[in-house]
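A.B. asks: Pasting a structure below so you can have a look.
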């Protein structure tokens, strides 16, 4: 995957985000995407090759590895990053749709016609709902993946030694994980940054809803004076 192109596309959403959204993007790129590309991917590159069991029984090591590592951390993180950033691309596409519609309207009615969208990037109408739903979806994806990681790897940590007795292993064998301490540090780091991103998404959603409610109250009070 070309992460550079992916990052370039997603960075355009900065223009349409609140301050909380810009902080969220910074966390995703600096503390999740870059850490994934630069460091984490290399740490897990030898997880299967260096997974050793104290037996020569053919197939035992593969079966035990598949049992204790049903899905690799690195592949789960890649899927999580893709899903959590897709809603931001939908916001950009919605703004692009508004801009194209405004251009068609001006071409048909001339420059003196009334604008449909004076500011296509302003979060009003359908764009407000798109942005709000994108925040809820991003938070939901991160929460789901936190649960998946917890189900697969209790307490988000890896033991130094695992005991396996699955066939074709001849008996209970000890299997040793490659660089468990380093992997635990990266896992906990990604879990913490994911939790921070979830809180930022929820705070931004609450901010948008509160701002809209305040605007509605101000508009209602203004009309009542008339």
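Glycine is treated like the rest: Cβ placed from N, Cα and C.
TrEMBL labels come from automatic prediction, so no person has curated them.
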A.B. asks: Among 76-97, 98-119, where does TrEMBL put the label transmembrane segment?
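C.D. replies: TrEMBL lists transmembrane segment for residues 76-97.
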A.B. asks: Tell me the residue counts in helix, strand and coil for the domain 'Connexin cysteine-rich' (141-208), as DSSP assigns them.
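C.D. replies: Output for the domain 'Connexin cysteine-rich' (141-208) reads 44 helix, 8 strand, 16 coil.
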A.B. asks: Under 8 Å between C-beta atoms and at least six residues away from its ends: which parts of the chain pack against the transmembrane segment (128-150)?
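C.D. replies: Answer is 16, 24, 73, 76, 79-80, 83-84, 87-88, 90-91, 94, 156, 187, 191, 194-195, 197-198, 201-202, 204-205, 208-209, 212.
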A.B. asks: In the domain 'Connexin N-terminal' (42-75), how many residues does DSSP assign to helix, to strand and to coil?
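C.D. replies: Across the domain 'Connexin N-terminal' (42-75), the residues distribute as 14 helix, 2 strand, 18 coil.
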